[in-house]
Each structure stands twice: as C-alpha cells, then as structure tokens.
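Visitor: The structure follows.
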Amino acid sequence: MASGGVKLNSASITILCWITILGFAQCQKIPSLQIMPAASVQRKPVGNSLLLTCRPDVPDSTLISDLRWSDSRNMTIPPKATKYYYPQFDSKGRKLPAKAGQSSPPIYTESIAGGQALALLFNSLQESMAGVYYCAASYSVTEQLAASVLVETYVAITWKDAPEDQRPILGEDYIVRCEVYANPPATVDWLRDGDPIKSSGRYVIENRGLLIRNVSESDDGLYTCRAAVISTGELAKRVIRVEVQIKPEVQQLPTVLNAVEGQSFSYLCNATGKPVPEFQWIKKSTQQNVADIDRFSVNALTGQLDISRVEQDDHDTYTCVAKNAAGISESTTKLNVLIRPKIIEFMNITVPEGQEAVLACRAFGRPPPEITFRRYGTTEEYRVGLQVSDDRIVLDMQENAERSETIGNLRISQLDKTDDGLYDCIARNPGDVAYKVGHITVEYKPNFDHLKALPPVYTWEQRPANLSCFAQAIPNATIEWRWNDRRVADLYDINMKIEEQGFRSDLIITPREHRYYTSYKCVATNRLGRDEHVMELREARIPEAVAQAKPRSVSATSMTFDIIPPAFEKGLPITAMSVQYKEEFNPDWNTAMNRTWSPDSPYIVEGLRPQTSYSFRFAARNVVGLGPWSAYVVHSTPKRSEPETPKTLHTPIQEEDEEDDAIVASPYADHFELRWNVPVDNGEPINFYRVKFCPGSKVNGVWTELEGACLEEDITTTTHYEMRDLQADTYYRIELLAHNAIGFSRPAHLLLKTARGNYYYGSGNSSDAPWSSIIAGLMLIATFNSIHHQRS
C-alpha cells in the first residue's frame, strides 16, 4: 500500500518491478491480501452457504499478524469457537432484531492452511447478510494490508402455493393455484400439453394462478406453471395435474319402499359423481347411520342397503347420502314395513235353518288386510257387497287403520242345509295372504230324503231281516219304531229287536208268521221338529220263468243266445242266468249239461258237436234260488268248416263305410303290433294265422298296392304280430286270416296309418331292406295324405 493510501494491485506491482529491473534497481515483492474466489462481487441465492478465503500475498508470511474479517460497520467477525457474530444491520443500514437461542453462528471465521489464511463462512445466506466484507492484516508490524469483497444475495424461485394435484369442481370457476416467490421477482406463464395458454375467454392468468371459468370435464389434464427471473437467468417449472371433480347426484328414491316383516329387504341407491361417491343410509328418527345397526348392512361403494330380517321398528324415513370431495347429495324415502296378515279370530258358528248366519273373520296386518271368503275346496271368492250368484249372501268389511285390523262379515240370510260346510277366510295385503278355515253348521229338523229311493227289505224262510233307519238332522235325532201305530218298544215282541248304533237304529225282525211281512214306521225327532219314514218288509220268492231265448249266432261248436229275463222286483235282482242242454233225442234232462252266466255277460254255449241237434232250456236265479226251467229251444249245429273271421283289437280313428276298411293309427313311424281275438274254430282247431300287409293308396275308391312291396307271414302260436321296417307317414292295408284243417276264414281287413318321423331303411343290405327297391314309389305318400284329408 502506498503512503498516499492507494492500493496497488498485482498487475501494477509487476509493471513497476519490470521498470526497476530494466533501468533502476532490483525489484522487491509488494505485500497484499488476496480474497478467493477472486471476483470482487459474489452473487449467491438466499439459503446457500458461502466460503470466502483471505490469503496474504507477501514476501515473508511470518511477518503477517492480526489477520481478520470485518463487516461494513468495521465489526470484526469472530471465529466459531468464540462468541457468535450476528449482523446488527442489514445491507441498507437498518437495525436488525436481536437473535436468541440460535444453535450455530450464521457467520464466523476459521483459520485454514496452517494459519496462513483466514476463511469467512456463511452457513445459510440471508438477505440481511448482503454487503461489503473486509479482510485486513498487519505486515511487519508497521504496514497495514486490506482487501474487500461485495456479497450480493437474491431469493431463488420458490413455489409458495402450487400443489401438484388440484381438483376443481364441474361448473364452477376455479383458480389453478401457482403462487411464486422470488427476489428479484419472477414472471409466470402457463402451458398445457406444451402449448402456451393466453388470457382470453375461459382462461385468465392471475397472480395467484390460472383462473378457469365454468370448469368442464374437458379441462382435465396436465398444466405447466413456468417461472423465470430474467436478471438471474433462473427458470423453474411445476407440472400440475388438474382432475375435474363432479358433485354427487343421487337418483331420486321412490316416495315409499315396501318391506315385509320377517323377510329380507334390499334396495340400491344410485348416484353419479367423480370421484365415485361413498354412500351412507341415515335413519331419520334416530339420525343413526344404519350400518351401525344390527341386521342392517350398507355397501359404501355401491349404495346397496340390505336388511337381513325386517322388523316393525324399521318402519321409518331413511335418507341415502352420497359424498365425494366435490360435495354431497341425498334423497329420502319412507320404508313402509308391511306386516303380513294374521287371522286372529274366525269362529265356527251353528245356526238353525231359515235364519241368518254371520260368519265373522278378524285379521291384523299393515296395511289393514282385505278380507274375502270362499267355500272350502273351491276357487271362486265372494266379493264385497251382494253376491250376483246368490242374493242371500252379502260380504261387508270394517277397516280400523289405527289398529291395523279388518273385520269381514259373511252374511247368509234364509240359511239352507246346502250352506252347511267349511269356509275359507282369506286376508290379503301387499305383504302376503293368510288363510283360515271355519265352519257353518246348519241345524235342521230330521228328514229321510236319503232313504226314500231305497227298495223294500226282503227275507224268506223265517230268516232275520234288518230294517236300518237313520235320519239326517242337526242336532242328531232320536229314533222311534212303530208297528201298526204302536211303539215297538212297548210290544215286547220276541220276534222284534231294536239295536241302537249311535245315530242309527236297526229293527231286527224274525218273520215267524206271515203277519210280519208288512210296513214299519221309523220316527225321528230333534228340538227343531220330526219326520217319519215307512219301510216295508217283504217275503222274497224265486224268479218267474224266463220269457224268451233264441239263438243269435251259431257255429259248428258253439251258439250265442239272446235271452229275455223275467221281471223282478226292486231290491230283488236276477243274479245269474242258467242253461241246460242235451242232444235233442236224449229224453233225460238229468244227464243234460249245465252252464251259468252273470246277467251282463254274453250268453255263449261252447263245446258243442258239429251237425248235431240240441235241446236247450233256461232259468233265472236270485238270492232265494233258481226259478223254473222254461223257454225251451231246439237248434242244430252246422257241419265243420273254416274258422270264423278274426276280430282285431284296435280302436279305429276313423270308421269307414261297410265296404271300406277301418283306419287305425300307429304311434310309431317304423313298426306296429297287430293284435286279435281267437275266433270260433267251427269244429277244427286253428293251426295258424296269416298276416299280409301292403303299402299303397286308395284312389277313387280303389286300393292300389305298391307292386312287390307286400309282406306275408304265417303265425302259429300267438294272437299278435309285430310289423317292422315300416315307412313313416304311410298307409298300409292289413289282411288277417285264421286257418284250420278245413281252410281259411274270411279275412279281417284294417287300414293302418304310421306316424310322422324319419324314414327307416334297415341295415342297408338289400336282404335286410325290403323297401330299398321301391323307395321311389314312396313319393305316393303325398297322395295318401291327400286322400286322408279328403276323407276327413
């Protein structure tokens, strides 16, 4: 340093040295202090740390003393180990507040390089630390050295309020927040998808951020908030994800929801919103979240309300609440707990005939049930009011909504015995249907309507007879027997005995004399009246003679007769018909053959000899015995001949004229079982049957067979034959004959129609498929169908 106090830098010293060397004398090094880094101005951001080093540049470093750093107020900055140094003034000379309780010094000095240099350390730069700092030292005791550096601070770009995820609400105005702090101040602009956003229309750039007017779902996306400080060249970006949220909107619930007591219940509360809202159900009377109630459960994601078992206390108003970050929405409904109907009173009644009966039924339920009645076992119900089908019957109802009860009255005027019986009371509401059975008992005086059509009682040969009497009556009637207008009980006749069997009374008569075959009176009495019924005891006799018998059909070995039986009395029917027969020229009936038939069977005599004359006589039998033989007939059997025509056992679907065949239908398309009765053999045993069947058609009354398509087979032991390999939906003409040693019977004819179905061609070999050669001929089936429709 020159005596004038002018500081010489190293370049000036170097020039002076070179001048001295060239022209004057040997040059010596000029003592100085160097501050590193070498720049005279140090610009650093607030919050950064800073190290400034002061190093003497002297010929002899041992001569340096009192090396120190001081601030612009000439306050020496102490080392770390001593009392902390705090700036008292900021860079503008303003007094700073005192610091207290700080754990480490913000600015301090520290010797480095073995004491040859002194460092000035800033732990964390603050704006107040900006200013000029001086380094000073003494050299060779007398010479003072000094150097200075200007520390400037600035505030780096700081995101003050700029969340990276922001959620505006649909339809509202929203500011995408991006507040920036910097010193010097920063300028802010916005980009979306790399494109700049300008203030216009719906977008307005403000100090606080980007204003979006009337937010729509299309505003979802990534926005870039970009801050720049031109003076420092600092540039920072913050990417902000904007997700538009939509307030929940609950779908309007029905005014009333019905649930049935004792049953489960479920209902789904629907709502829209973004993000997906969460659901709650609130019970109004208790303001309770029903998810906390036993038997209730709520799916918070779907809004499903479930009640495992509905109880009466669940009858309340409920609110479905949907919430998300954008807002809340709710809808209210009333849960109407339907109490299933219960019939709590339905009494049986007993009413005399001719009076009015009132059948009352009381039922409980919510809502109060509707009550109807019906006769038990029927489906038709009585309706409220006068019944159209019977103007004696009126149904009325009284409903008590407060007590949830209904009383139904079925009123029947001029009660009749036919009204007696069981009745259903039916209680209905939307929850269920309840049933209960009641009874109307109609009291009436005794009657014997059920006995008036009965025949007299018959007996014979002093056999005991039972005259049984019981009256229809409610209450039950007492029975009294009278004979010739005298009480039988007072006669003490050993031939008459009364036996009581509950409501029935039996009069047992042993007719040892003919006078007992007469009339008896049964008298029935109850508190409503009396009635009497006359019963007759008659003597039974054997049947009269048979009026007539004549042969109806005759074969070589059998005869069938038509017999006119004798007249018989009601209650004494013919139980059998008998015949005796012998060869005409045999005079002794004691050697005759006998046969007995039931009255409703064919009167056939079999086992006769051909070409023989027989005598026949007939008699009728009843419970008493066999009547006299009468209706004598003499008739001869013809000579031995071929059998009678067999009779097929199939019910025709269409009866044809006498000269035409009956039509039967097969339930199968490819087979049919033909069955028949054994015909009369006419003196020679049947040794086989012949079956022939041919497909074809009938045109203009003439049957036309398919040439070469007929099948014929003889059957020896059975009376059935299974026809196979038939064609579907086809007509077949069947011919059946019986054969014995004399010859064939007349043929029985049948026209068969097979069912619709797939055609069946057998195994495929020509020997197994008899129809293979006539498949083309099956085109006639259409013709057969046409003929069948014409017949129909």
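For all residues, glycine too, the Cβ spot is worked out from N, Cα and C.
The annotation domain 'Ig-like' is assigned in TrEMBL to 31-146, 171-236, 248-336, 341-441, 446-538. Per TrEMBL, domain 'Fibronectin type-III' is recorded for 542-640, 658-758. What TrEMBL lists as signal peptide is 1-27.
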Visitor: Using a Cβ distance cut-off of under 8 Å, indicate which of 171-236, 248-336, 341-441, 658-758 has the most pairs with the domain 'Fibronectin type-III' (542-640).
Guide: 658-758
Visitor: Quick check on the domain 'Ig-like' (446-538): DSSP residue counts for helix, strand, coil, in that order please.
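Guide: For the domain 'Ig-like' (446-538), the helix, strand and coil counts are 9 helix, 52 strand, 32 coil.
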Visitor: Could you tell me how many residues in the domain 'Fibronectin type-III' (658-758) are helical, how many are strand and how many are coil under DSSP?
Guide: 0 helix, 49 strand, 52 coil
Visitor: Just to be sure I understand, if DSSP states are collapsed into helix, strand and coil, how many residues of the domain 'Ig-like' (171-236) fall in each?
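Guide: Taking each residue of the domain 'Ig-like' (171-236) in turn, the totals are 3 helix, 38 strand, 25 coil.
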